[in-house]
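A.B. asks: One structure, pasted below without further comment.
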């Protein structure tokens, strides 16, 4: 078999007159009565191959048997297309290949999905036949971008003198965070490894070990409920460094991300990125990962509401809640009563009891709650919300967390429906000064907002024992267009501070020693100050490639039920394998 001389998408007019050897898949076959045209495809693109009896009867006879997705080896001569046959939409649209020989390397059945960017196959069918789905150019281009992003990050970190170090996949199960995936040990009866949710502890131990600068393209595993932007196994760019301040870490990540954007996406973004404190993000956007590509910020009306004539508002404030509103500029005529009812049902998903609304008209406020506001109150409301005729005002009165969640989500929905979002923008943002702990009323205990190894502000360390809810974290999240790209922090590196953190989280001294004794002991041997960040590679590629689902950025992903439709994993295992592990199954009976 002769060697391939050209990739299909790279045969240009410079090759006219040359004999070329091409290999690829049949994208399309057209029989035009005596002539057969084939679009031959490989990962670089498509080239048109012509089978003409005057050039080769033998090649034409073979071409008559060829169907879509056959794998071919074609030998032929490159010629310029006639003036009326030029296709400027193709890189190879000014030439075609006159076939002299063709060899079918492999035949193909009719494929269950159309191999084209605009395939109409359902996602389940695409995942079952993932190897066919991956043939689509849009999929290849996504993974080419993933490769380019990873390569750029590796090159950047190499110039910054970071070492790429692999950490264990089989490790110890520890509390906090999501559920672990467990792996039974054959050698140690009744004991289990856990697959890592992140390399957090190991990268800190590498800092104890004096490596100073570490990174890893790390596989991580979390047994959690899945969403469109979650997978049970995912990849993160894991970075840790000693002796750097928070500002130094943020500056380095900004330089890295601007290079990624330029090299992998061809987009210039400016640094430094804006910074916003967590409390401000929640107050202004109702989100800890705000999409800043459009306005429509939340406005706190609690002070006004406390003295207004609308009891729903006043009672919410009196009970310790708040009233906030968003002004959808010019949207009054775009939302009917039925549309607003749909918005009301939408905010109820986030815990809101309802959605109050007003439309601003030339002669004043109109809507079901307008009667509760006199002229003075109406003017204050209009002034505070900067409302003018044609605006739609939307209010939620509830607990602070419900107001933030519901209006934050409503803001995003309105931004999309009103086409306020410039999809060409890439708005990076740092969210800083997070709360260190969050209280869970159901569990009646505190949980770490990020993880238990996050350093509090020095002046807040003592609050861990007196008022844990007031302690602030030296933590930072990188946000892009309303998605959390990653999170990081400065780390605790002193045993006494780490023990105070564990105590605030409800760990007894014995539990802390059992779970994290190795880390606590390491802190007694001269641990340097250190910090880092972990960036979600899958999510970053999803945003840069313009995809809407993480599954499109992972070669062989899982479904929302954490199953693989291609291999049918997870699946039962043989009884002999269970016996070897000294395991017995005790399955719940289906109700």
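Cβ atoms here come from the backbone N, Cα and C positions, even for glycine.
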A.B. asks: According to Swiss-Prot, 222, 223, 224, 484, 536, 537, 538, 539 bind ATP; which one of 231, 474 is annotated to that same site?
C.D. replies: 231
A.B. asks: I'm validating the feature mapping. Which of 196-199, 200-203, 204-207, 208-211 is tagged region 'Aspartate' in Swiss-Prot?
C.D. replies: 200-203
A.B. asks: Looking at the recorded positions listed here (84, 222, 450), whose Cα lies nearest to that of residue 484 (ATP binding site)?
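C.D. replies: Closest candidate to residue 484 (ATP binding site), judged by Cα separation, is 450.
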A.B. asks: Tell me the Cβ neighbour count for residue 450 (L-aspartate binding site), meaning other Cβ atoms within 10 Å of its Cβ, over all protein chains shown.
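C.D. replies: For residue 450 (L-aspartate binding site), the 10 Å Cβ neighbour count is 20.
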A.B. asks: With H, G and I counted as helix, E and B as strand and the rest as coil, say where DSSP puts residue 224 (ATP binding site).
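C.D. replies: Going by the DSSP assignment, residue 224 (ATP binding site) belongs to neither helix nor strand, so it counts as coil.
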A.B. asks: Three states by DSSP: which one describes residue 450 (L-aspartate binding site)?
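C.D. replies: Looking at the DSSP assignment, residue 450 (L-aspartate binding site) belongs to neither helix nor strand, so coil.
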A.B. asks: Indicate whether residue 491 (L-aspartate binding site) is helix, strand or coil by DSSP.
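C.D. replies: DSSP assigns residue 491 (L-aspartate binding site) to strand.
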A.B. asks: What is the interatomic distance between the Cα atoms of residue 539 (ATP binding site) and residue 84 (site 'Important for tRNA non-discrimination'), given in whole Å?
C.D. replies: 44
A.B. asks: What is the interatomic distance between the Cα atoms of residue 450 (L-aspartate binding site) and residue 224 (ATP binding site), given in whole Å?
C.D. replies: 16
A.B. asks: Tell me, how many other CB atoms lie within 10 A of the CB of residue 484 (ATP binding site), whichever protein chain they belong to?
C.D. replies: 17
